[in-house]
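A short write-up of the structure that comes next.
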Amino acid sequence: MSNLKLGVQVVSAHDLIAKDGQGSSSTFVELHFDGQKFRTTIKEKDLNPVWNESFYFNVSDPNNLSNLTLDAYVYNQNKTKNSKSCLGKVRLTGTSFVPYSDAVVLHYPLEKVSFLSRVKGELGLQVFVTDDPNIKSSNPLPAMESSLHTDSRSIQSHARAEQVPDFVPNPFSKEKADSRHTFHHLPNPTPAQPQKHNTPSMSTQPNVNYGVHEMKSGPPPPNVVRMYSGSPMQSADYALKETSPHLGGGQIVRGRVIPGDRPASTYDLVEQMRYLFVRVVKARDLPSMDVTGSLDPYVEVKIGNYKGITKHFEKKQNPEWNEVFAFAKDNIQSSILEVVVKDKDMIKDDFVGLLQFDLNEVPTRVPPDSPLAPEWYRLEDKKRDKQKNGELMVAVWFGTQADEAFPDAWHSDTFTSSDSPSMVSSHTRSKVYHSPRLWYVRVNVIEAQDLVVSDKSRFPDAYVRVQIGNQALKTKPVQARSGNPFWNEEFILVAPEPFEDLLILSVEDRVGNKEENIGKVVVPLNNVEKRADDRIIRSRWFNIDKSMSAAMDGDSGKKDKFSSRLHLCVCLDGGYHVLDQPTHYSSDLRPTAKQLWKSSIGVLELGILNAEGLHPMKTRDSKGTSDTYCVAKYGHKWVRTRTIMNSLSPKYNEQYTWEVYDPATVLTVGVFDDSHIGGSSGNKDNNIGKVRIRISALETGRVYTHSYPLLVLYPSGVKKMGELHLAIRFSCTSLMNMMLIYSRPVLPKMHYKRPLNVMQQDWLRHQAVSIVAARLGRAEPPLRREVVEYMSDANSHLWSMRRSKANFFRLMSIFSGFLALGKWFGDVCMWRKPITTVLVHVLFVMLACFPELVLPTVFLYMFVIGLWNFRYRPRNPPHMDTRISYADAAPDELDEEFDTFPTTRGTEVVRARYDRLRIVAGKIQNVVGDVASQLERIQALLSWRDPRATVIYVAFCFVAAIVLYVTPFQVMVLLAGFYIMRHPKFRRSMPAPPLNFFRRLPARTDSML
């Protein structure tokens, strides 16, 4: 049995919330770990309690320690009601447990137990692991209550915690200090020397290393570090790792390239990979093999255990293949290359001829050398005879991934025995895609004329349906008594180039619950006028035809003497940027019209090196494996690497380049599992993770080589699926143009002259993503819809409790600086630090006497802060942060986020979520109401809603005007400043009269139902 134990020292708590109704709380802490529960003593009427009590938990399975969590709940004991209420909790994961020699006291900010709970304060804990057999586990608690979110039942007994053993140093005294100070990272010059003890090694668990064997006897007291909630730190397993790989241009060390011995190639951001290329061009004069005199030839290229096969031709003795095979040189286990021509047969393929090449005689080609010319070789039979077997044109050479034959080649690492070579070759190659250029189609439906309906006894209740492809919008129904309905409604749809879809407008009549078609108008988008600004487009009248075929016939309206007509104004708006991603991490911000494009400011180079530690996505041959490829998106250009088969540590080493037009854009790189090979998850490509890199965060000319964690959020929580190794370099071609871009609008000017509302933007973005997914899905190999939607964050606009909480705390972290400034000024006003207060008074007097120094002082202060923060600037590009994203949200919140729209959950689950949403909305409603009340009170100062209050305020304004007129402004500023920062002896505990007067002003709340 293992002696491994988890030690927890509950030190103290600070600034807890009052719960007993008398401005205090009777607090204690409950610890939950691995099914064990311990409790500290109760500190009566104390919001800053000090316990200094230690507990030891048995670890049932040391191999599972990293997956366990320690929960510390702070409670208030209510003796009158025999109940307890939660003041907050702290949750620590097993990955943060360290040996005793590395343990320090950390003050963790208390977290909410539920979304609606209110907490504040911190809890000081020291957590460590030890396997000392002399340490006994603490006494367990009696039966406990199950609910921690509300007041629970009476606490039956309070188990006194065991005292700290003699050999565990206690840096805190038993007596509580009068005031609490912030702990800093300062070494202790005279550490206390505790009693020595021996720590046995964990010889029984060689596979698990928690660092316990590094414990030393007599460790010094731990340095106490304070953790602030405003700067959360995520797990080291999810952190970014800087690397120093040897690439084609040399070794990368801290972003700089150290040239190597070999000459640099054009692919200098990836590792040079050597390949054996075999180009099979064609054959001639092949012999007949069947009785009928026919031949179904194909070529088999074989080296060692790797084999590639061309497609076969039926009854052809002079076939042409022109296929290229690439074999990784590191995997070659033979010195002989065999090229065999065979005849396809139903039972067994017949041998036609053979070529053999000695790899020691194969030449090496280095681009930009011209391609190696293929040669004719006579085929040998099994007896080595070259007389009657025909000839085969082949080229064989050694090269790298810089060879132009590399993208279209069949690769030895993209083949499995269960898949046919032709299918593998068509779906595993690396490709570059260009998404279609998207246009906004603005359709203004003005009116119709002379509508004719089947029922002459009623007036038509007409409306117009506007449709392009799968996009459909309609006007409001209008009852036309004269047969000439008037709408004047404007719609915006999305259309891709080339314009394959038609603009179809259907005039329909609503008859009860049915819809009767009156006629159609078909407008080819190629004939629609384009514009790049907001100039006026002339409207036109279009004849309404009864059928679709008649509407597509442009001359049909001329044959009819009488026809209904539709008045339209249609144009293609090229002054907008058609958003297919959220604006805050869009990869392109240029307008659709090319004449509005500015020149590029630089070049972005991406080297996709490899992935490591990938999670198996499928099972093949009773082993977990993955067939992965990477997709990168920036601007209109999408790239896809080749698919690497049967590897959890694939090496891609492919390099791509983009032109950069705006630094406020984001490069997105995703990793996916190919479902075409082996089949998985209903033939959908599973996402393994993605990385976003903002261009503006990159320094010019520096090579960033980092290993990015691939994080995916599941309903059960966040999961690391592996790591992706990338090399990135941004080269600026015009520094002046890049600096000028920061003064330009983010989006094209049409977004500001004729802005789109939020509902339109979300709907149009969804349509744009669908169009791009449909177009890229028609390529070979296709980029599937789930890949495009995942890369474009198509569902980022949907409701998520996790995102809402994350955005709220992001907002709070921004305001935390202002709150800290306000707290500092409050301390100055209360004279808690007299020297600081005196210095602030002196500075205030100087600024009041010389007001022209106020703005220069402010800007000089910000200049100094900027220079000071330059030392602490981020050295690495930002990446996915699980703490900022609140990825450790409650399972129910994550399940709600992954729910479909509309929901597919049960009635009870939906009802509970609706009730929770109502509670949250109710609190927001109250906050909005309070803000409105304060603003209405300001409005009531001069509105005479309260005549007496207005009289007082008007009289005050008159007196104030006279006093301010006769008194110099600087004197008034000095008097006001000294009054605000007056000593506490001259302050009262009651609110000031101006505040009392303001709170008595009326609001419009009494007029609401």
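Positions of Cβ are set from backbone N, Cα and C atoms, glycine also.
According to TrEMBL, the feature domain 'C2' maps to 1-108, 257-377, 418-542, 585-708. Under the heading region 'Disordered', TrEMBL lists 136-202. The compositional bias 'Polar residues' annotation in TrEMBL covers 147-157, 193-202. Marked as transmembrane segment by TrEMBL: 808-826, 838-868, 951-980.
Here the transmembrane segment (951-980) has long-range neighbours at 829, 841, 844-845, 848-849, 851, 941-942, 997, meaning same-chain residues at least 6 beyond its ends whose C-beta is under 8 angstroms from one of its own.
Among residues of the same chain six or more beyond the transmembrane segment (838-868), those with a C-beta under 8 A of the stretch's C-beta atoms are 828, 970, 973-974, 977-978, 981. Computed over the domain 'C2' (585-708), the whole-number mean pLDDT of the model equals 89. Residues in the domain 'C2' (418-542) partition by DSSP class (helix H, G, I; strand E, B; coil) as 10 helix, 67 strand, 48 coil.
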